[in-house]
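Chemist: Quick paste of what Swiss-Prot says about this protein:
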type	residues	note
BINDING	Asp10, Asp346, His347	Mn(2+) 1 binding site
BINDING	Asp305, His310, His358	Mn(2+) 2 binding site
Amino acid sequence: MARALIIVLDSVGVGGAPDADRYGDTGSDTLGHIAERCAEGRGDRAGLRAGPLRLPHLAELGLGLAAAGASGRIPPNLTPVGPPRGVYGHAVETAAGKDTPSGHWEIAGLPLPEPWGHFPDTRPAFPPELTRALVAEGDLPGILGDCHAPGVAIIDALGAEHLRTGRPICYTSADSVFQIAAHEEAFGLERLYDLCRVARRLCDRYRVCRVIARPFVGSPEAGFRRTGNRRDLAVAPPGRTLLDRAEAAGRAVVSVGKIGDIFAHRATGREIKPGPNAACLTAGLDALATLPQGGLIFVNLVDFDTEHGHRRDVPGYAAELEAFDARIPEILAALAPGDLAVITADHGNDPTWTGTDHTREQVPVLAFGPGVAARPIGRRETFADIGATVAAHLGLAWDGAGTPFL
């Protein structure tokens, strides 16, 4: 019996999707544009990084070649030295969205059949009846925001008023999301979670995918910063996923990072949410060391997206990629005979792009492990090919979307 490890590099797209024009994202290319900026000297930051993007281990696994399949060109400095060490290709999303749950569910074999509901980019953004109900049921003096906004910017802009009035900051984006930011101490963390549970119920009628608690600390004088106590309240997947099939077969499942939230804590097994990317990867590899045969580990590394993509931070994104690349040898060393590892992404978030939202992109598919023969797999017509492949590798019965590529 075999084991499997899926690592999602949240937002590391490799070039605009065929339907990117429908989303205003034609020409977006998260990885390619980061590599270009770094090659031009525009990805430098004193004390953090400098020079071309250095991802030698990912290039060796075929990342540059996967990107070339999606965008038509190998990103600067990502040409592999020697033959690739793994299976490489790129995948197109079939779900009508560019959000985290849609991408992850499709990776797990469940493309979303209908688009999510979204709030318009107007002021106010939320229906008046939704706001009235939230204020009444949450016993609030009102809300702040009620608009599309990047999370860090709106907390900086409205944090002082929030402390003065006690009104939580409610905002949204191009994603199907209702976000509530509040001060952990002045408003209360548990009160924020309770309010988000109310919002989750109220948002169901609008087909909103996620309600997110965004706690922060600080003061107007010292500045505000978000904490690691974010909580996502997502709609449950509308059908069976790879995780459901693994659970039904009695297999061990370990979910690291945001995976538990993304799948609404259904069939997610042992959940570990240790914090930033480095801690999540360490937790995943520690879990792999004791994972029984037939088990599955699903890891999300969210900092690419939240800390750098949305903030349009090219040097930070590049440094995060380089930090992950440096740990590829550790991942390879942790794989036992019969293990399969897959590195992929769920959408794009081009830090050189306009605005602050995700970008509709293709994603890399890198599969490797002892005994996995290196070869190209070209363009996969759905992210679900990943779930189908992992299911086949684990010997799970599969009636989901997708076609195995191994």
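Using the three backbone atoms N, Cα and C, a Cβ is placed for every residue, glycine included.
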Chemist: When neighbour density is defined as the number of other C-beta atoms within 10 angstroms of a residue's C-beta, which of the binding-site residues His310, His347, His358 has the lowest density?
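Modeler: Comparing Cβ neighbour counts within 10 Å for the binding-site residues His310, His347, His358 gives His310.
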Chemist: In the structure shown, which of the binding-site residues Asp10, Asp305, Asp346 has the fewest Cβ neighbours within 10 Å?
Modeler: Asp10
Chemist: If you take the centroid of the Cβ atoms of Asp305, His310, His358, the listed Mn(2+) 2 site, which other residues of that chain have their Cβ within 8 Å of it?
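Modeler: Once Asp305, His310, His358 are set aside, the remaining close residues are Asp10, Ser11, Thr306, Gly309, His347, Asn349, Thr356, Asp357.
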Chemist: Which secondary structure state does DSSP assign to Asp305 (Mn(2+) 2 binding site), in the simple three-class scheme?
Modeler: helix
Chemist: Could you measure between Asp10 (Mn(2+) 1 binding site) and Asp305 (Mn(2+) 2 binding site) for me? Cα positions, answer in whole angstrom.
Modeler: 6
Chemist: Measuring Cα to Cα, how many Å separate His347 (Mn(2+) 1 binding site) from Asp305 (Mn(2+) 2 binding site)?
Modeler: 10
Chemist: Excluding Asp10, Asp346, His347, please set out which residues of the same chain place their CB within 8 Å of the center of the CB atoms of the Mn(2+) 1 site, keeping sequence order.
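Modeler: Here the nearby residues are Val8, Leu9, Ser11, Val12, Gly13, Thr100, Gly103, His104, Asp305, Ala345, Gly348, Asn349, His358, Val363.
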Chemist: Can you tell me how far the Cα of Asp305 (Mn(2+) 2 binding site) sits from the Cα of Asp346 (Mn(2+) 1 binding site), in Å?
Modeler: 10
